[in-house]
Amino acid sequence: MQSAAAIGLLRPCGAAPRGLRSNPSPRGFGAGAGVLPPPRGLRVSAVAPRVGFSAPATRRIGLVPASPEHEEEQQRRDVAVAAAAGKSAAAAGEEEGGGLVKTLQLGALFGLWYLFNIYFNIYNKQVLKVFPYPINITNVQFAVGTAIALFMWITGILKRPKISGAQLVAILPLAIVHTMGNLFTNMSLGKVAVSFTHTIKAMEPFFSVLLSAIFLGEMPTPFVVLSLVPIVGGVALASLTEASFNWAGFWSAMASNVTFQSRNVLSKKLMVKKEESLDNINLFSIITVMSFFLLAPVTLLTEGVKVTPTALQSAGLNLQQIYTRSLIAAFCFHAYQQVSYMILARVSPVTHSVGNCVKRVVVIVTSVLFFRTPVSPINSLGTGVALAGVFLYSQLKRLKPKPKTA
């Protein structure tokens, strides 16, 4: 071991005076070293060479004069280390608390998504049972959605989008298929039970795979194709045993599947360029406004305006009941789709797809209980198999095929 003078801790000095040399007494300083304690004003220091920040394997022991500057510097270091540790602990606590808040918010959004969907299907079915004009009903829903979108833009709740004419032209095909998809859904709900309409709409993955392969060239993996078998088989089994089955309701639900999946394919094909303010909620709001203006002339040319007080009273309908249920259904129609986009902005598409599958189960079960729809065991089995296939499909879609090596 080097001496203290060799490492610059003490200046060289002469030999110690006689009488101050080693003392063999057990009371000497050190473990058997026989060295007297240091004079007043000196302290023992374990000094490590300042190479990096790791402590050396051996420490050099020397006598260093007590320095106020050294003590202050050490105190400052201790304070800095304590402050850094406090900040790290606070940041960890904030992150944990923020994660809990986000989880609760996401759970609330899923609850609202399901709740709005349940109320929409129940009130919409009640209106369509006594008021068989699906084009009028669909246009009322788009009108209410348009009013909500304008209100949110005017009040600043939703940032008003900056959109060009070229973007509107690109969005127009999406608005057309969106209009047709919702119209066909209402036509199906007016003809068959809510549970059966949503069982048929479980076929959406089948049309998604088919249209993506035809128009986008996206070939599915063999496992994805196999997951479509229980979907198709389950829907077929449920259709054969459905008490409320009729072909108009069946083909309307199938047409809804085709149009909605065409919307998804078109959105990928057209790749609408989005500005910062044109997020998914704003895009949905613009499509809703365009759908209202697209369907309004169709309503006039086909069914005519049947939602006036005179027309409803002449049909012997309860005016207040029809208006209340129609407005609630229209509000829930816009709200559940908007909440769906809010959830999609927070989770992955696969998680959203699983949530949508669970939502369909919830809607089917609640509608069966509310309307007391007669359901046979084979019908329940077919619905369950189809929904299980949808869940399997959503899980397999996230598995990306490995790229082929040359």
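Using N, Cα and C of the backbone, Cβ positions are placed for all residues, glycine too.
Per TrEMBL, the listed range annotated as transmembrane segment is 281-302 (candidates: 281-302, 325-346). Through the fold, the transmembrane segment (166-185) approaches residues 134-135, 138, 141-142, 197, 201, 252-253, 255-256, 259-260, 262-263, 266-267, 270, 272-273, 278, 283, 286-288, 290-291, 294-295, 333 of its own chain, all at least 6 residues removed from its boundaries and within a Cβ separation under 8 Å. In summary, the transmembrane segment (378-396) lies against the transmembrane segment (206-232): three or more C-beta pairs, each 6 or more positions apart in sequence, are under 8 Å. Residues of the same chain lying 6 or more positions beyond the ends of the transmembrane segment (281-302) and with a Cβ under 8 Å from any Cβ of it are 135-136, 138-139, 142-143, 145-146, 149-150, 152-153, 158-159, 161, 163, 168, 171-172, 174-176, 178-179, 182-183, 272, 274, 334, 337-338, 341-342. Long-range Cβ contacts of the transmembrane segment (135-154) within its own chain (Cβ-Cβ under 8 Å, at least 6 residues beyond either end) map to 124, 127-128, 160, 179, 182-183, 186, 285-286, 288-289, 291-292, 295-296, 298-299, 302-303, 305-307, 326-327, 329-331, 333-334.
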